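As recorded in TrEMBL:
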BINDING   Thr45, Gly46, Asp47, Arg156, Lys162, Asn185, Asp186  ATP binding site
BINDING   Asp182, Asp186  Mg(2+) binding site
DOMAIN    208-458  domain 'P-type ATPase C-terminal'
TRANSMEM  239-260  transmembrane segment
TRANSMEM  272-292  transmembrane segment
TRANSMEM  319-340  transmembrane segment
TRANSMEM  355-374  transmembrane segment
TRANSMEM  386-408  transmembrane segment
TRANSMEM  420-444  transmembrane segment
Amino acid sequence: MQVAELIEKDLILIGATAIEDKLQEGVPDCIETLSRAGIKIWVLTGDKMETAINIAYACNLLNNEMKQFIISSETDAIREVEERGDQVEIARFIKEEVKKQLKKCLDEAQQYFHSVSGPKLALIIDGKCLMYALDPSLRIMLLNLSLNCSSVVCCRVSPLQKAQVTSLVKKGARKITLSIGDGANDVSMIQAAHIGVGISGLEGMQAVMASDFAIAQFRFLKDLLLVHGRWSYIRLCKVVTYFFYKNLTFTLTQFWFTFYTGFSGQRFYDDWFQSLYNVIFTALPVIIVGLFDKDVSSSLSKRYPELYKEGIKNMFFKWRVVAIWAFFAVYQSLVFYYFVTVSSSTSQGSSGKMFGLWDVSTMAFTCVVVTVNLRLLMICNSITRWHYISVGGSIVAWFLFIFLYSGIMTPYDRQENIFWVIYVLMSTFYFYITLLLVPVAALLGDFLYLGVQRWFFPYDYQIVQEIHKDEADDSGRTDLLGIDNQLTPDEARSYALSQLPRELSKHTGFAFDSPGYESFFASQLGVYAPQKAWDVARRASMRSKPKPKPNKIN
């Protein structure tokens, strides 16, 4: 600074250049949508406070209606202490100032928080103050204040401080954290969060290499979270709870049998039935649900970002949901065991012999396989041909197996209990009546519960389904991108450019949008893409280079 004061004196300014750090396309809309989804967004940047605030305003993270708490080291009192040069005194003074500011802001935030019509709150803090606010004696106050604010902006922070703030929320508040960055200075923050997302841009690939997911632009975070993330959460909840249900139903059926055997260890099902139940007879349908099930389309997921709050509240994987599945598993196991055992006590085969243990267990197992596979279709929001193929194929696989297993006997068989059992059962009228009535009786409770729940206590996604039940599903590219007739000029231009061949478009999709000739190429291909100012200016400034004249040979 002293050298600059000596040199930069009595200079004449001839001209100045400015570089605009342009936001990516769609960032403000993406941040606003994520905020509506109940996601709290923190900005951790190395820019100075004025730049960070302007960026926060540009991406709708801050607005004039918010009450802003600014904790800055650029105050007259701190400057006066720093001029003395005593590092111990500077550290003590700044820490006390930060403590006072935190306490003052926290008390004021509590008043706004308890008021009904209070404004939204925002916290802005610079790196020097953040260094002291992260002290063990102050970090609780910082965390409480931050959690009461809708937006948090930390400016002039180092890569280590980014990781410390992320860890503070992750461990102190026990919240699920996601970090997104595009440069090497974001690597520690990405690794400190539960989920790391890297943007592949002009800043290099370090963030992408250290992340869990990589995207080309920030706006794609909306699709990653609100569409694919929410679908994955719902699918995972269904897969886990269904596995719990079908195994509990199958196991309890054998458990009721032990009361009539004096807990002697006599098995109710054949060993091969138990071994192949999860491997073949009920495996494929739940995999199909985990891959293809979706409650609402991608365009509706982005149109109603509030649906994401169901996942934040853990609506589909709480103890109440597990208890309901367990209740119906107990109910169905009772139906399988007692309905089959009581009804078969007086039944006879075509030869006049009474049904034995293996006849009854095979009949009960057949009902279990049919019922649990049909129950899976009742929890699906979208049923495709793959659902029908998997469910029907699992049931058919059971019948093919039992036909072969009970119809073939070799000298190496361990026992002859199952031999010809299915053929004896299928020769009786009792088999077909039981196969029809038992699944109906077992699924009747589930059917009534699902009907009452959807009619009187619907989830948010079920309300959206009812609103748009007459609309066609978005199977085309246009609907997947959420394109409709109400596009802004920027959105229309973006969609038009996305239709251009990749090798002709200069639009890279990286972190910074570079000027190019998109409008020119679009006009050549008959696609309407409104021009931007830089297209016209750059084409006007470009001079066509004269072609070199060929040398004449004398």
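Quick reminder: no glycine exception, Cβ is built from N, Cα and C everywhere.
Just so you know, TrEMBL annotations are computer predictions that nobody has curated.
Features per TrEMBL, on structure.
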residue	record	Cβ neighbours (10 Å)
Thr45	ATP binding site	20
Gly46	ATP binding site	18
Asp47	ATP binding site	16
Arg156	ATP binding site	21
Lys162	ATP binding site	27
Asp182	Mg(2+) binding site	25
Asn185	ATP binding site	19
Asp186	ATP binding site	27
(message) List the residues in the vicinity of the ATP site, defined as same-chain residues other than Thr45, Gly46, Asp47, Arg156, Lys162, Asn185, Asp186 with C-beta within 8 angstroms of the site's C-beta centre.
(response) Leu44, Cys155, Val157, Ser158, Pro159
(request) Give the distance between the Cα atoms of Lys162 (ATP binding site) and Asp182 (Mg(2+) binding site), rounded to the nearest whole Å. (result) 14
